[in-house]
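Novice: Please see the structure below; I have some questions.
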Amino acid sequence: MLQVYNTLTRNKETFKPLKEGEVSIYACGPTVYNMPHIGNYRTFLLADTVVRTLQYLGYKVKLVMNITDIDDKTIRDSKAAGMSLKDFTDKYSAEFFKGLDMLNIKRASAYPRATENVDGMIELAQKLIEKGLAYEKGGSVYYRISGFPDYGKLSKLDFDSIRIGASVDVDEYDKDNPRDFALLKASAPEEIERSIYYESPWGKIRPGWHIECSVMAMNSFGPTLDVHIGGVDLIFPHHENEIAQSEGATGIPFVRHWIHGEHLIVEGEKMSKSKGNVFTLPEIVEMYGGEVVRFMFLSVHYRKKLDYSETFAENAKNNYLKLKETLDNLEFALKNVEDEPGPGDLETLKTLPELENRFREALEDDFNTPKAITVFRELSRTANVYLETGKNMQVLEEIHALYKRFSDTLGIFAKAGGEEVPGEVVRLVEEREEARKIKDWKTSDAIREKIKSLGYIVQDTKEGPKIKKSEES
């Protein structure tokens with residue numbers, strides 16, 4: 001039974017969606033004003049991990065991830081770049097999607113944009129004013145946090161010293177010292193000049209950051225959703241404010257399960273431009289490959305800080321390559337096996353369900369991917385032991401099927417077994433075999449090097465030559 005740590009209660013809870021067998025998930029997506037760094041993608045990968053796990057457990061899942069394409073940062077940086085807000089945010093939205101593909105992150109069911117949902121934000125602000133939970137001031141609309149007694153229930157911060165009635169326009173304000181926050185902001189003259197405004201009962205406005213997610217989540221799922229995902233940095237003020245807005249308007253719980261991923265740090269320190277330790281995803285992928293980066297993220301539980309370093313990344317790469325080599329060996333054996341029964345067949349078949357039970361139990365324990373990877377490595381060892389002597393087609397097929405279930409659930413080896421070896425490489429391997437038969441080792445070695453230059457390597461096995469793509473290519 002799936003147990004999920006709920007930030008709201010600070011406890012692991014038995015997961016129960018509103019509708020049996022179906023799960024609604026809203027995840028905070030990118031603010032598209034620059035290249036997302038690797039910490040952002042750790043959170044996006046968390047959403048993908050939750051989706052894949054739930055699907056593995058038999059749930060039908062709908063994930064919605066927003067794109068914040070209008071806020072303080074996008075307006076500021078688009079102006080600095082000399083671009084329209086739309087052209088600027090479209091550019092970085094495209095970069096965001098490229099990053100998802102690099103990490104083999106499944107597409108969400110929808111990616112609503114803030115600019116496409118402003119009418120709903122104006123309606124929500126009107127409703128909150130009618131309930132006495134919001135007020136207009138200077139053409140902006142603010143949330144009155146003193147009117148919502150449950151304010152602070154998610155972040156568990158001490159709000160005894162809240163300054164009642166003080167209001168701020170910034171999207172990100174001082175931690176531990178909240179103010180009435182802006183739902184809708186009066187557009188500044190320079191924003192109006194750039195056509196960054198929407199007509200409202202209070203004049204020309206543009207949305208604040210927090211109201212965007214409340215509206216997009218409720219537009220997608222109604223007043224209550226099963227799961228809301230984001231980074232720990234969003235607990236306060238962003239998610240606290242989402243609760244205040246949504247529950248203030250509807251009077252019913254907004255989210256059943258809050259899931260928050262921890263920070264990614266670099267060699268023990270928080271990423272910052274001043275320290276020069278901010279890495280974008282393309283930079284890291286260029287060094288290690290997308291699947292290795294994904295595997296690296298999965299090797300640390302989402303509620304623990306991930307301390308990125310070159311040593312840590314290299315260790316993840318080595319473990320990933322060992323698992324991939326086993327898959328390559330399995331697929332090679334399936335194509336070349338003689339299909340003979342052996343003494344280890346029954347014992348191996350008996351082991352597989354036990355391993356799958358442990359894999360499932362790991363993921364049911366609050367999406368414990370490091371523990372699931374440990375079980376995956378045990379399956380790899382089991383497979384390699386069998387491959388030394390076993391030749392039973394049924395056993396090999398069952399090992400391979402379980403291996404693929406594990407890898408698909410973790411989202412790795414997406415391209416394994418699907419790439420055709422170029423005809424030129426196949427021809428060179430055949431020529432090399434002819435040279436080896438007559439013990440012409442010089443020619444054999446020369447052909448091996450030529451094959452390597454084409455991005456492939458040859459492994460000589462007792463079943464014959466095995467071709468695989470070089471990890472360096």
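Any Cβ shown, glycine's included, is placed from N, Cα and C.
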Novice: From 30-40, 217-227, 250-260, 305-315, which range did Swiss-Prot mark with motif ''HIGH' region'?
Specialist: 30-40
Novice: What is the total of other Cβ atoms whose distance to the Cβ of K273 (ATP binding site) is within 10 Å?
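Specialist: A count of 7.
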Novice: I'd like to know which of the binding-site residues C28, C213 has the most other Cβ atoms within 10 Å of its Cβ.
Specialist: C213
Novice: Can you name every residue in this chain, apart from C28, C213, H238, E242, with its Cβ inside 8 Å of the center of the Cβ atoms of the recorded Zn(2+) site?
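Specialist: Apart from the listed residues, the neighbours are W209, H210, E212, S214, A217, H228, G230, L234, H239, N241.
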Novice: For a quick check of packing: other C-beta atoms within 10 Å of the C-beta of H238 (Zn(2+) binding site), how many?
Specialist: 19
Novice: Reported as an integer number of Å, what is the Cα distance between C28 (Zn(2+) binding site) and K273 (ATP binding site)?
Specialist: 23
Novice: Report the mean pLDDT of the predicted model across the motif ''HIGH' region' (30-40), rounded to a whole number.
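Specialist: Reported value for the motif ''HIGH' region' (30-40) is a mean pLDDT of 93.
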Novice: Cα distance, K273 (ATP binding site) to H238 (Zn(2+) binding site), nearest Å?
Specialist: 23
